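First up is the structure itself, then whatever we jot down about it.
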Amino acid sequence: MNGTEGDNFYVPFSNKTGLARSPYEYPQYYLAEPWKYSALAAYMFFLILVGFPVNFLTLFVTVQHKKLRTPLNYILLNLAMANLFMVLFGFTVTMYTSMNGYFVFGPTMCSIEGFFATLGGEVALWSLVVLAIERYIVICKPMGNFRFGNTHAIMGVAFTWIMALACAAPPLVGWSRYIPEGMQCSCGPDYYTLNPNFNNESYVVYMFVVHFLVPFVIIFFCYGRLLCTVKEAAAAQQESASTQKAEKEVTRMVVLMVIGFLVCWVPYASVAFYIFTHQGSDFGATFMTLPAFFAKSSALYNPVIYILMNKQFRNCMITTLCCGKNPLGDDESGASTSKTEVSSVSTSPVSPA
């Protein structure tokens, strides 16, 4: 084995030289230079500095403006809430541990930090699944003129948290475990060992199949069918121009969110799967650290995409920030068809704003 395994950790560094130490008790500067830990701390500070206000503002603006409280927006707000959990209970801890060069808070806090990081990522993924299903039902109409209402949205939100907990909670109760990963200043599921006391192998297989592959199969199926339906509707002119434009705007926004998730999380999942299937092989600490920390940027892109692509929300946000006035003078009633209320329509024309 080219690493050092302890009771609650695995350091990707052989202890033949006697340098390897517990990541809960000693700085891990033998894994990487101190400036790299400082760079990670600065990066986490940036994510906190931007991620908290952007996600909090998304929630606050929606509460302030009743017109934004549409069924589809419930799912988008769910994403913002999950991101806030990651920022408050994950990023703050990781920033401090990076500043110290090791996980100073001990194994219990490592489990908590790993839990919230996994929970936030899974809520985001399953929220994208719900959005994909909603787009598929509304546009492809496999259930006829189905209306996606508040009850369905609430059920969708509850579903995302149930599935996320089904992924994030098992390591807390003995099925696998959370340990420091990479440069040992952030925590995640144990992909590194086959410790029989924790059944890591079965958990990792379960997580990759149920909580990674299945969601993406659903997402790609829904958007594949959706693309065909949109092309057919455009060719047959079955919907009004405003309806088609409205549905396309919302769909484009959700597709961008899916692409953003792929860009952020696929590198991490790929490296984790490689480590799991090549346990004991030689790899550097930064090999897992870079994709793990890059995945944390997912807390930023969803609200940014939402703000940039939804003119009605953008106008409401500007009005809130400017104490009830919009200096840009944009008329919300003439806003782009990006209004997310289109999710509640069937075959009736869609108001562009």
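Placement of Cβ uses the backbone N, Cα and C atoms for every residue, glycine included.
Taken from Swiss-Prot as is:
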TOPO_DOM  1-36  topological domain 'Extracellular'
CARBOHYD  Asn2  N-linked glycosylation site
CARBOHYD  Asn15  N-linked glycosylation site
TRANSMEM  37-61  transmembrane segment
TOPO_DOM  62-73  topological domain 'Cytoplasmic'
TRANSMEM  74-96  transmembrane segment
TOPO_DOM  97-110  topological domain 'Extracellular'
TRANSMEM  111-133  transmembrane segment
TOPO_DOM  134-152  topological domain 'Cytoplasmic'
TRANSMEM  153-173  transmembrane segment
TOPO_DOM  174-202  topological domain 'Extracellular'
TRANSMEM  203-224  transmembrane segment
TOPO_DOM  225-252  topological domain 'Cytoplasmic'
TRANSMEM  253-274  transmembrane segment
TOPO_DOM  275-286  topological domain 'Extracellular'
TRANSMEM  287-308  transmembrane segment
TOPO_DOM  309-353  topological domain 'Cytoplasmic'
COMPBIAS  336-353  compositional bias 'Low complexity'
| Do the transmembrane segment (253-274) and the transmembrane segment (111-133) share at least 3 Cβ pairs closer than 8 Å, excluding pairs fewer than 6 residues apart in sequence? | yes
| note | Sequence-distant contacts of the transmembrane segment (203-224), meaning Cβ under 8 Å and at least 6 residues beyond its ends, amount to 122, 125-126, 128-129, 132-133, 135-136, 163, 166-167, 170-171, 175-176, 189, 191, 255, 258, 269, 273, 276
| request: Report the DSSP secondary-structure composition of the topological domain 'Extracellular' (275-286) as helix, strand and coil residue counts. | output: 5 helix, 0 strand, 7 coil
| Secondary structure content, the topological domain 'Cytoplasmic' (62-73) (per DSSP, counts of residues) | 9 helix, 0 strand, 3 coil
| request: Could you give me the DSSP helix, strand and coil counts for the topological domain 'Cytoplasmic' (134-152)? | output: 10 helix, 0 strand, 9 coil
| Taking the transmembrane segment (74-96) as the reference, which of 37-61, 111-133, 153-173 gives the largest number of Cβ pairs under 8 angstroms? | 111-133
| remark: Comparing 37-61, 111-133, 287-308 for Cβ pairs under 8 Å with the transmembrane segment (153-173), the winner is 111-133
| If you run through the topological domain 'Extracellular' (97-110) with DSSP, how many residues end up as helix, strand and coil? | 9 helix, 0 strand, 5 coil
| remark: Counting only residues at least 6 beyond its ends, the same-chain positions whose CB falls under 8 A of a CB in the topological domain 'Extracellular' (275-286) are 1-3, 12-13, 28, 31-32, 36, 182-184, 191-194, 204
| note | Averaging pLDDT over all residues of the topological domain 'Extracellular' (1-36) gives 84
